[in-house]
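Read through the structure below, which is laid out as structure tokens, and then see the notes.
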Amino acid sequence: MENAKIIGFGLYTPKNLVENERLQEFLETSDEWIRSRTGIERRYISLDENTSDLAVEASKKALNQAGLSAEEIDLIIVATVTPDNFTPSTACIVQDKLGAKNAWAFDINAACTGFIYALKLGRSLIRSGEAKNALIIGAETLSKALNWEDRGSCVLFGDGAGAIVLTSTEEDCGIKCVNVKSDGSKGDSLVIQGLPLNSPFKDGREVSKNYINMNGREIFKFATKVMEESIVEILEKENIKIEDISAIIPHQANLRIIDYVVKRLGIPREKFVTNLQNYGNTSGASIPIALCESINEGNLKKGDNIIMVGFGGGLTWGAALIKL
């Protein structure tokens, strides 16, 4: 059976770079407070670009790297919790802006695990013969979903996009395995509310609070548990040793979470890719951004085995094993 391999990649961030010190202008916080609790030093915040704009720019780089035209793409999946609109989907907007007229396109919402979910879908559709060249994108403008008066949450997030091109292959490389899971019973630990139920047939009017509401302690316990389990599970399932893994790319949420998992597993810290100090938590974009940056910097090369592991709202989590 044919598999799916990565042949192109690209990342994009808005131009507006926000250092921790700038947050002190309107928040009771400090650079030291943010760094010591999260590891984050700066993030990019969009001023006039939508999620689709970020996705398009990352996709152009990925297509150029792959040596493909937009018309050669037959599938576009965008993982996002901050779409441009309820409808049309961000993926359809991206399809139009790229001129990918032969692609069918849709969004998925699996929060910070979204890129892993999209990877599984893209791989499955290529393996089934339903697609040949797929554009898989993680893109977010989380800045529009933040309560900028809540220092506990607004300092954590940033905007950005990462994209990869998958194509069918018979080579011994590509996406080897993807495991994803969900637990909706704990979904209230991380919520961005939707529109309130307002109608002329309902007494009173509700006020929308469509910004991120997070139980930090519960998310920490959840994240550390499922990250550890997901890494162990994929190693055991694929019968591969940690020594054979060149890098582990976790969702970039908080350095404390990553450091906790490193200690629990006893895996060398240098195997874990971290760049959240420069981007903050970009949700579904964090894993592809970290992947692209690692390849661009020469830290990953053809033939390397990597594990991607994510967790997020839903609750959702998952991991993928990839041979570049």
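Cβ atoms are placed via backbone N, Cα and C, with glycine included.
Within the set 2-6, 122-126, 187-191, 252-256, the record from Swiss-Prot flags 252-256 under the feature region 'ACP-binding'. Residues in the region 'ACP-binding' (252-256) partition by DSSP class (helix H, G, I; strand E, B; coil) as 2 helix, 0 strand, 3 coil. H251 (active site) and N281 (active site) are 8 Å apart (CA-CA, integer value). Calculated from their C-alpha atoms, the gap between C112 (active site) and H251 (active site) amounts to 7 Å.
According to its DSSP assignment, C112 (active site) is helical.
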